[in-house]
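Here is what Swiss-Prot says about this protein:
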DOMAIN    5-70  domain 'J'
ZN_FING   138-216  zinc finger
BINDING   C151, C154, C204, C207  Zn(2+) 1 binding site
REPEAT    151-158  repeat 'CXXCXGXG motif'
BINDING   C168, C171, C190, C193  Zn(2+) 2 binding site
REPEAT    168-175  repeat 'CXXCXGXG motif'
REPEAT    190-197  repeat 'CXXCXGXG motif'
REPEAT    204-211  repeat 'CXXCXGXG motif'
Amino acid sequence: MATQDFYQVLGVSKDANERDIKKAYKRMAMKYHPDRTEGDKDMEIKFKEIKQAYEVLSDPQKRQMYDQYGHEAFEQARQGGAGHGAGGFGGGGADFADIFGDVFGDIFGGGRRQQARAQRGADLRYNLDMSLEEAVRGKTVELEIPTLVECRDCNGSGAKKGSKPQTCGHCHGSGQIQMRQGFFAVQQTCPQCRGTGTIIKDPCRTCHGHGRKEETKTLSVKIPAGVDTGDRIRLANEGEAGEHGAPAGDLYVQVHVREHPIFARDGNNLFCEVPVSFTKAALGGDIEVPTLEGKVKLKVPKETQTGKHFRLRGKGVKSVRTGEVGDLICKVMIETPVNLSSKQRDMLEELEDSMGTGDEAAKFRPKEKGFFDGVKQFFDDLRS
């Protein structure tokens, strides 16, 4: 990254106080910010140098280490931590990887050596398809899950029965080795044991030393009432078995609710369209509407218009989180009669004639009058 001394990058002296460093950073960052330099690659690099310099010099601990070991030491540690070319193993000198690891680890990825640990099992996902009725009421389902399970013959160790894994002699069980580069020691995963810290000299014949084997397991899963598309149910430790006795992953059941031929769902409310004859809508009366528990009666007032909504409280879905029950909202759709006989057409024409025309008919069809009045006003405005 920065080839210049960090103090030079920010344009401050080595005895600059925190306020001066912050002020210089703001000035330089504003000057070289990518939004101002319009994709200039050199300016982007300069901006990153400024940011890196400020990250070090604004932190008292990092600044003290930087002042003590110098910019060249910092650059070598950064390059080593980033996995650049390295010299041989061993060698003398201070272990600067440990010194810089905690202090500069957030900048160039360094860190202290960690004890080798077996890898946790992978998480699994199962897509569960459900009907609306099943989702609303809840159900218990049997799931067939192809997965990796712990080998029963070696109890997950990977070693043949009667034997056990041996400590890796290359890394002495740490799973990490050190490579020297100048003054610095760079940690890498041990190639002999691949970071596990152990070597299996006599592998289990069932799992071939992996400690796990492929198997399809059956799980009985209770799906709570009220789930909806997008909900996810976590089953802890039901994912793939971990390596060599490490914890298993989790299983996530992803819910998808199929579309229903009658009901649509929005949150905890259900919606449906209810056909009503034009005579029933005009005269009023009772109709039957469907719910998930069966049919119920709904009183339709006289002169009901198409699109009118009626709310049936408590006939929706029970929330899986709060326990509150939503409503069923019915939208009236008035049906125009079809396949009329001659007599029925004559009766409708007689009804139409009885309503008159013009202003006389407006009281029977207020929306129609309002619509045509609006159309007339629209064209009047165009002409004016």
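Count begins at 1; order follows the chain as displayed.
Glycine is treated like the rest: Cβ placed from N, Cα and C.
Shown on the structure are the features that Swiss-Prot records.
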residue	record	DSSP class
C151	Zn(2+) 1 binding site	coil
C168	Zn(2+) 2 binding site	coil
C190	Zn(2+) 2 binding site	coil
C204	Zn(2+) 1 binding site	coil
Report summary line: Same-chain neighbours of the Zn(2+) 1 site, Cβ within 8 Å of the mean position of the Cβ atoms of C151, C154, C204, C207 and not counting those residues, run in sequence order as R152, D153, N155, G156, S157, G158, A159, P203, R205, T206, H208, G209, H210, G211, R212, K213
Report task. May I ask for the distance between C168 (Zn(2+) 2 binding site) and C204 (Zn(2+) 1 binding site), taken between their Cα atoms and rounded to an integer number of Å? Result -> 18
Report summary line: CA pair C151 (Zn(2+) 1 binding site) / C193 (Zn(2+) 2 binding site), Å rounded to integer, equals 20
Query raised in the report: In angstrom units, rounded to an integer, how far apart are the Cα atoms of C193 (Zn(2+) 2 binding site) and C154 (Zn(2+) 1 binding site)?
Result: 19
Query raised in the report: Mind checking how the domain 'J' (5-70) divides into helix, strand and coil residues in DSSP?
Result: 52 helix, 0 strand, 14 coil
Report summary line: Most Cβ neighbours within 10 Å, among the binding-site residues C154, C204, goes to C154
Requested in this report: Write down the Cα-Cα distance for C190 (Zn(2+) 2 binding site) and C154 (Zn(2+) 1 binding site), rounded and given in Å.
Outcome: 24
Report task. Determine, to the nearest whole angstrom, how far the Cα atom of C171 (Zn(2+) 2 binding site) is from the Cα atom of C207 (Zn(2+) 1 binding site). Result -> 25
Query raised in the report: Under DSSP, the zinc finger (138-216) has how many residues in helix, strand and coil?
Result: 0 helix, 35 strand, 44 coil
Requested in this report: Find the average pLDDT over the repeat 'CXXCXGXG motif' (204-211) in the predicted model and report it.
Outcome: 91
Query raised in the report: Hey, how far is C190 (Zn(2+) 2 binding site) from C204 (Zn(2+) 1 binding site), Cα to Cα, in Å?
Result: 23
